[in-house]
Every structure is written in structure tokens, then in C-alpha cells.
Amino acid sequence: LKSLTVLAESPVESRELLTELGVEKVIVEGKTAARVTQGDSDKPKQVPPNQEGKEEAPVATAAQPKEPAEQPDAKEGPAEGQQPGGVDNAAEASPAAVSPSRPQPAESEVGNSSPGEKGSDAPSTEARGMELEGKEEEGEAMVEDEEEAKIPKAAQPKSESKENAEDNESGSTDSGQENSGETRLLRSGTYSDRTESKAYAAVTHKCEDCGKEFTHTGNFKRHIRIHTGEKPFSCRECNKAFSDPAACKAHEKTHSPLKPYGCEECGKSYRLISLLNLHKKRHTGEAKYRCDDCGKLFTTSGNLKRHQLVHSGEKPYQCDYCGRSFSDPTSKMRHLETHDTDKEHKCPHCDKKFNQVGNLKAHLKIHIADGPLKCRECGNEFTTSGNLKRHLRIHSGEKPYVCVHCQRQFADPGALQAHVPIHTGEKPCQCLICGKAFTQASSLIAHVRHDTGEKPYVCERCGKRFVQSSQLANHIRHHDNIRPHKCTVCNKAFVNVGDLSKHIIIHTGEKPFLCDKCGRGFNRVDNLRSHVKTVHQGKAGMKILEPEDGSELNIVTVASDDMVTLATEALAATAVTQLTVVPVAAAVTADETEALKAEITKAVKQVQEADPNTQILYACDSCGEKFLDATSLAQHVRIHTAQALVMFQADTDFYQQYGAAAATWQTEQVIPATELLFRPRDSPQEAPAAPLAPVPLAGEGQAPAE
């Protein structure tokens with residue numbers, strides 16, 4: 001203790017004494033700390049707040065009275081920086097402590113201190129000596145404690161980093177230091193620097209049901225809802241439930257008719273900005289996913305994969321009710337609504353029913369007066385811009401969708417899609433009861449209900465029942481006398497566009513409904529059905545000619561010198577013995593149909609006058625189809641715009657008049673099966689044998705040849 005009391009009287013002796021005590025490191029580091037402190041004295045010193053109850057400032061304050069007490073002369077300035085107790089004081093000392101040439105404060109200034117401070121000098125010195133003796137026994141532990149007491153805060157990076165780490169764990173941030181670029185240790189033992197540490201990626205969540213792993217807890221929770229079926233998020237408009245909040249938010253926007261996100265290139269609007277961004281890629285050329293079959297571009301690989309199912313024909317999504325398959329799940333969901341007859345949501349304006357409240361709300365936009373989606377031509381209103389565009393094509397006559405098989409044009413893509421199976425023969429919808437197949441599911445449903453007698457759609461005004469909801473909707477328009485579709489030629493109005501299309505055919509003369517048996521055209525499909533039932537199924541007095549006793553049919557013809565003869569396989573298969581043609585104009589128009597009918601009738605009368613018992617059969621010289629009356633043949637010839645062939649069956653007496661000559665003419669004119677015979681128009685026709693002279697046309701005043 002005596003050695004420590006006179007420690008500051010001689011710097012050399014102090015150094016030697018402390019070396020013997022094993023605390024030389026304190027002296028050396030004290031100098032270094034003093035020099036560092038003196039060099040930084042001009043800069044503002046950052047004094048961090050006291051943390052965790054550490055009172056470091058009172059230690060430096062208590063060391064201040066030691067210097068005057070131990071050095072009464074106060075003339076050796078550099079020795080102050082070497083004293084263990086004056087290191088902290090040197091950083092805040094007067095300029096005399098920095099420069100040894102300047103005088104130190106007088107002893108009287110020290111005497112101005114309070115008596116309590118003077119009285120604390122002796123206890124402080126004794127405590128210091130006892131502390132050094134304890135540290136001498138503990139070795140380096142004393143050195144670390146002295147460093148913490150003497151080194152300024154700016155020179156303690158380790159302690160500061162520990163304190164900052166504690167602050168970061170508690171959520172606070174030290175304003176004096178920023179730990180950007182440093183790796184912080186979190187409570188979980190992982191590192192916050194995701195790019196430098198692999199511990200973050202190693203933390204995964206594994207699904208026990210399917211084994212899928214996730215690195216984010218939120219994604220893992222959303223995935224779990226797939227297995228549990230939990231849907232905690234519901235729409236505020238229709239109460240539809242969702243398992244994901246983003247999907248719920250996107251769904252709620254569908255209830256709003258507003259589409260605030262518009263494309264600057266084409267003006268198309270979208271409800272979601274994500275859909276707009278995908279649309280813009282088509283203009284910028286960023287749609288990099290190209291179909292190898294048709295060259296169409298897509299913005300996402302998912303859309304490309306769904307599109308490729310069209311070319312491959314793969315339809316993995318199958319309806320559980322009718323067995324119809326679809327290439328995407330959205331089409332299947334729309335199809336399933338056709339099987340759902342429980343439509344509890346009813347429109348208060350037009351009595352139309354829906355199976356979902358969202359569809360009802362979309363329908364209610366039709367009844368909004370002066371709505372944004374209103375046709376300027378007829379005033380009809382629509383819920384979507386797509387439906388309005390398709391409707392406007394009715395007024396403009398635009399038909400951008402063309403069938404690749406027959407080049408027929410359509411205004412609606414759905415109509416084209418329903419038309420294509422006519423050429424391909426595809427009928428995916430098959431009745432499980434009778435096996436009959438249909439091209440559309442709606443036709444199958446109507447067929448099943450027709451067999452069962454089910455008519456679930458009832459008109460509340462008159463009680464009439466219907467098989468399909470569209471039939472009921474059209475029926476209700478008749479009650480309300482709503483006829484929005486008007487003919488531009490005669491201004492006649494119709495309830496639906498289908499009736500208008502049927503009416504327009506009257507003005508154009510078009511007969512698009514053709515009979516596949518005889519080729520006759522009709523302007524209405526119901527007329528075609530009536531024709532097939534009455535003509536081609538043995539009804540309405542149709543004469544079916546059959547040979548008696550196994551003999552072949554004998555045919556007598558009416559001929560002309562300037563006609564074209566065209567025999568086909570169909571004619572050859574009927575065991576014909578003789579054939580010629582009736583004179584008809586080369587091209588038959590709609591106005592010339594009656595004239596053609598009159599010409600054929602005259603030729604028939606001429607033959608009937610010769611033999612009243614003759615049975616008559618009419619046939620087309622272009623395709624060989626046979627008919628029962630002149631009207632049917634005249635209508636059919638319009639399809640080919642060619643000549644008409646009239647075939648007659650004569651009785652046995654007629655052929656007996658010609659004897660062997662008839663057999664000779666027969667061998668010359670019989671057409672073998674599967675052989676086609678063409679004669680050019682301007683080539684002279686070979687005259688038959690003399691006994692079989694052609695019968696002249698009626699009206700020329702000549703009797704049949706005998």
C-alpha cells in the first residue's frame with residue numbers, strides 16, 4: 001500500500017514497481033489510451049447512455065480528486081497521462097493536460113472542491129490498493145477490468161457490438177451507430193443476413209399430408225388449408241369463402257363494374273393491374289411463349305400449356321353427370337351449371353333465376369336505366385362488354401369467325417364451335433339410356449328431359465312448362481311483348497335474334513337447311529324435319545316402287561335433242577334399263593322454279609296420255625336422287641343448277657309394242673354399276689333405235705310414237 005501511495009512521485013520508479021507487481025500492461029495501455037484520447041480531444045465525443053445499470057461516469061469523476069492529492073506540486077503534466085487513475089480525466093482535462101508547456105491548474109483550484117470530495121481521497125486510494133492486490137491474485141482478470149474502466153467508449157468496439165446486439169434483440173436501434181452490412185445474431189440462432197448464411201434456407205416447414213416443403217410460414221399455412229378445406233376469408237358481397245386472402249380480394253373486385261386500369265395502346269380496361277400488365281406484354285412483344293403448332297404467343301407458360309391441349313385433343317377434366325370432357329377446369333365449372341336446376345336466386349324484374357347470387361347481381365345490370373353497356377341501335381343492355389360486342393355484330397353484319405371446313409362465317413365464336421362438329425362428326429355427349437349422341441351438352445339435356453317428360457321451367461303467368469331455361473326466357477318476352485330485334489328490310493320485330501335470322505332468309509332467298517337424302521333446301525329447320533318425315537320415311541302417300549315377281553324396273557323416258565345426260569352410281573344401282581332427259585334450262589334460279597315445274601309436268605302428261613297406268617318416278621341427272629313429284633325435283637335442281645331427269649315406269653303392254661327392238665335399245669343404253677357417263681352440252685346426242693323414237697314434249701301437238 002505504501003508503494004502505491006507514492007506511485008506518482010517518480011514515473012521511472014512507478015513503472016519498475018508496477019512491473020514487479022505484474023501490471024505493466026496497464027501502464028503501457030494507459031499511455032496508449034491517453035494518446036488516443038488526446039488525439040481525439042478536438043472531436044465531439046459520443047457518450048452513449050448508461051445501459052444495464054453500469055455507472056461508468058462516476059468512476060471517472062471519483063478519480064479526479066486523486067491527481068491533486070497525489071501530486072501536490074502539479075508540475076509534471078506528462079506524468080498525469082501515465083497514472084492509472086487519471087486516464088479518463090485526461091480526455092476531459094484542460095489544455096494544460098494536453099500540452100506540458102502550459103501550467104496546470106493551481107492548487108487553490110483543487111481546494112475549491114467540496115470537503116466531501118477531499119475526504120474521499122484516502123478511501124479511494126485504499127480501495128485502489130485492495131483492488132490491485134485482488135487483481136494480482138486473479139491475474140489477467142484485473143487487466144480486463146482496468147481496460148473497461150480506462151479505455152474510452154470510442155475505443156471499445158467489442159462492448160458496443162454486444163450492447164447493440166442486445167438492443168436489436170429487443171427491437172430498438174442505436175441512433176449513434178448503424179449496423180448495415182453486419183450480420184446480426186437473432187434469438188432463434190439463425191442469422192439475419194440471408195445472402196451470407198445458409199441457416200435461413202435450412203429452416204423449412206414440411207406438410208405431413210403430401211410432403212411438400214416451404215420456407216415461409218405464411219405459404220405453409222395457406223397450403224395446409226388445401227388439405228383441411230378451411231376457408232376463413234369470405235366475400236363481403238356474396239359471402240363466397242376463400243382459403244387465400246388475395247383470392248378473396250380479387251373476387252370482391254368482380255362485383256364492381258369499374259375497370260380503372262386501361263391500356264394506353266388499345267384502350268382495353270381491366271379490374272386488376274396484374275391483368276393489365278399481362279395484356280401489355282402483347283404490345284411490347286414480351287409474350288415469349290409460342291405455340292409450335294399455330295404460332296400463337298402467350299405471356300405465361302401456364303396459358304401456353306392450356307392452349308396446347310386444344311391441339312393435342314387432351315381433355316382431362318370430365319363431367320361426372322354426362323361424361324363430357326374438357327381441356328380446362330374453367331370450362332368444366334361452367335358446364336356443371338347446366339346440370340344444376342336448383343336456381344333459388346330470382347330476378348325481381350324478369351323472373352329469371354340463377355344458381356349463384358353473383359350471377360344474379362351481374363344480370364341485374366341489364367335492368368339499370370341508361371346503363372354503360374347499352375346498344376345504341378336497339379337499346380338492348382348487357383352485363384359485359386364482350387356480350388355487347390357480339391351483339392353489335394348483328395347490326396353490322398360482321399362475321400369474323402370462319403369455318404375451316406366449309407368457309408361459313410359466324411359472328412360468335414360459340415356458334416362456330418357448335419358448328420364444327422357437323423364436319424368432324426364428333427358427338428361427345430351420349431345418352432346413357434338410348435345411346436344417342438349429341439354435339440352439345442344442352443342438346444343431350446333436352447333429349448333426356450324429353451324422354452323422361454321432365455319440364456322443370458314453368459311460366460308463372462300462364463303455367464306453361466319448358467324443357468330449357470332459354471325457352472322459358474323467350475316465352476316470357478312474348479308476354480311482355482319485348483321485341484328488340486327488328487328486320488332492316490320490312491321493319492318487322494322479333495323476340496330473339498334466332499327468329500330474326502330465320503325471317504331474313506325470306507328476303508335473301510337463301511335455303512341453308514339441306515336434306516341429306518335428296519338435297520332439297522329449306523329456309524327453316526322445322527320445314528326440313530317435316531320433309532324428312534313425310535318424304536323419306538314412307539309417309540304422306542309416298543309411292544315406293546318395287547319390282548313384281550323379282551323382275552327389274554323398266555323405265556321409259558321423255559327425250560330432247562339438245563340436252564345433257566349425266567348418269568351416276570346412284571342411278572346405275574337402281575337397275576335402270578333406259579334413260580334420257582327432259583329439256584330444262586342450264587341454270588335454274590328461284591324465279592324459274594315454277595317454269596321448270598311446268599315443263600316437267602307437261603312431259604309427264606304426255607307419257608300419261610299414252611299409258612294412264614304408268615307409274616312415275618323423278619330423278620336428278622346430277623346426283624341421281626329420286627323424287628315423287630315435280631315440285632320436289634324442281635326445288636332440288638336449284639342446288640346443282642343443271643338439268644332435270646324424269647324417269648317413268650311403264651307397264652308390260654308398253655314394251656310389248658316394241659318387241660325385240662326394245663331389247664336392242666336396252667342393251668345399248670344400260671349403264672353398268674360404278675360407271676359415270678358424261679356428255680358435253682354441245683355434242684350431238686345419239687338417236688335411239690327407230691322403233692324407240694323419242695316421245696316429243698307435250699304441247700307440240702304430237703302423239704306418242706307407236
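Cβ coordinates come from backbone N, Cα and C, glycine included.
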Expected hit for zinc finger in Swiss-Prot across 485-507, 577-599, 646-668 is 485-507
If I go by Swiss-Prot, the feature zinc finger sits on one of 28-50, 373-395. Which? 373-395
If you check Swiss-Prot, which stretch out of 248-274, 437-463, 545-571, 680-706 is marked region 'Disordered'? 680-706
So what's near the zinc finger (401-423) in sequence-distant terms, Cβ-Cβ under 8 Å and 6+ beyond its ends? 390, 393-394, 439-440
If I take every residue in the zinc finger (261-283) and average their pLDDT values, what number comes out? 78
Per DSSP, how many helix, strand and coil residues does the zinc finger (427-450) have? 10 helix, 4 strand, 10 coil
